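Novice: According to TrEMBL, the record shows the following:
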type	residues	note
REGION	1-26	region 'Disordered'
COMPBIAS	13-22	compositional bias 'Basic and acidic residues'
BINDING	Cys162, Cys164, Cys172	Zn(2+) binding site
ACT_SITE	Lys239	active site, schiff-base intermediate with substrate
BINDING	Arg249, Arg261	5-aminolevulinate 1 binding site
ACT_SITE	Lys292	active site, schiff-base intermediate with substrate
BINDING	Ser319, Tyr358	5-aminolevulinate 2 binding site
Amino acid sequence: MSFSSLVSNLTFRDSDPEDRSQFSRSRSFASTAATSVSISGDISSQLHGGYSHPLARSWQAERQLTKSMLIYPLFISDQPDEETSIPSLPNQYRRGINKIIPFLEPLIQKGLQSVILFGVPLAPGSKDAHGTAADDPQGPVIQTIRLLRARFPQLFIVADVCLCEYTSHGHCGILREDGSLNNQLSVDRISDVAISYAYAGAHCVAPSDMNDGRIRAIKLKLIEAGIAHKIVLMSYSAKFSGCLYGPFRDAAGSCPSFGDRKCYQLPPGGRGLARRAIARDIQEGADIIMVKPASSYLDIISDAKNIGKDMPVAAYQVSGEFAMIHAAAKAGVFDMKAMAFEAMEGILRAGATIVISYFTPEFLDWLSH
Ligand code: PBG
Ligand code: ZN
């Protein structure tokens, strides 16, 4: 029977004058309603069945969160025995090099595959105008890269590359006398720092400074050094300025002493600018492009996936996003695990396949069950 004759047959049956008894009428109603909804309308109107089982629900996502997508941020202090909690960043600690291995061991057993390192120089006098401590061979980042390479050969080590933790003024580059950013000097310096992290053994260098042209400079220096073939260059391409980095700056001690980062980080409404920054960084030789923060910028993640069709896209669920979820869960707004998954699903749906998240230790547990 053709679709249209089936529909007219049903219509006929519904209006059959013989079919008036309460019983048969309701039977007729019951027997045709479901069918007529789907048949007189579009058959694709019936969706519930497709996600009627938890497994079928999970199949609706284009990609599922796996442990290999997660990168865990670590704050490494220059005080070897330090282990200090960061009040604005729940469950996160600043650790000295002597505390890193015992901390990571159980996480690696649970399936942790990658970390991103941020150095935190606390020693008096360790900060200056050029961020000299950033590539100090005895400094916490370079020492920790070497240690982790030796102790955990399978662990993928990302080194965040920036000067703000190391400069006396707390900005992400080198400044002119009038306090404005000197892009050229900053790029020269930041690319040097990236090369020293790569030499120390980082698998990936990730410049977060947002100076113009740093991806090209780093790629060229990696090529000149003969190590470009074994180092992943992950660019914080679309990094927006805003209030979500506060807990990180508490943790890393990297709050600017004057002004803000608006002349180098993107304005939150700047979608076109983000697209240009992403396209530029791909042209300059980035291997992975990153969007940061994540949940308020899902359209940018989606743009990144479109512009960089053949590139992996990373998203950084930043300190403020993490702290918000914790605070709201504590206030009874929602269950923390449910929200952590929901946020993560949004980030993956937008197009990311790599996520930097402070929830990584929890996800390693949650994904094991
Ligand atoms: C430093 C840097 C920041 C973050 C990553 N690298 C802070 C900033 O730009 O002020 C933010 C990460 C977070 O908030 O979790 N350039
Ligand atoms: Zn910085």
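Including glycine, each Cβ sits where the backbone N, Cα and C put it.
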Novice: Less than 6 Å between Cβ and the nearest atom of ligand 2 is the rule; apply it to the binding-site residues Cys172, Ser319, Tyr358.
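Specialist: If the test is a Cβ under 6 Å from any atom of ligand 2, the answer is Cys172.
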Novice: Hey, for the Zn(2+) site built from Cys162, Cys164, Cys172, who else sits with CB inside 8 A of the CB center?
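Specialist: Going along the sequence, the neighbours come out as Gly131, Leu163, Glu165, Thr167, His171, Gly173, Ser208, Asp209, Ser254.
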Novice: Counting every protein chain present, what is the number of Cβ atoms, excluding its own, within 10 Å of the Cβ of Cys172 (Zn(2+) binding site)?
Specialist: 25
Novice: Which of these binding-site residues has the least crowded Cβ, counting other Cβ atoms within 10 Å: Cys162, Cys164?
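Specialist: With the binding-site residues Cys162, Cys164, fewest surrounding Cβ atoms within 10 Å: Cys164.
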Novice: Rounded to the nearest Å, what's the C-alpha distance separating Cys164 (Zn(2+) binding site) and Arg249 (5-aminolevulinate 1 binding site)? Just drop the number here, would you?
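Specialist: So the Cα of Arg249 (5-aminolevulinate 1 binding site) lies 9 Å away from that of Cys164 (Zn(2+) binding site).
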Novice: Do you know which of the recorded positions Arg249, Arg261, Lys292 has the most other C-beta atoms within 10 angstroms of its C-beta?
Specialist: Lys292
Novice: Near Tyr358 (5-aminolevulinate 2 binding site), which residues of its chain come within a Cβ-Cβ distance under 8 Å, counting only those 6 or more away in sequence?
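Specialist: The answer is Tyr72, Pro73, Leu89, Asn91, Gln92, Gln317, Ser319, Phe322.
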Novice: Long-range same-chain neighbours of Lys239 (active site, schiff-base intermediate with substrate), Cβ under 8 Å, sequence gap at least 6?
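Specialist: The list for Lys239 (active site, schiff-base intermediate with substrate) reads Ser208, Met210, Gln265, Leu266, Met290, Val291, Lys292, given in order along the sequence.
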Novice: Which recorded positions out of Cys162, Lys239, Tyr358 lie by ligand 1, going by a Cβ under 6 Å?
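Specialist: Cys162, by Cβ distance under 6 Å.
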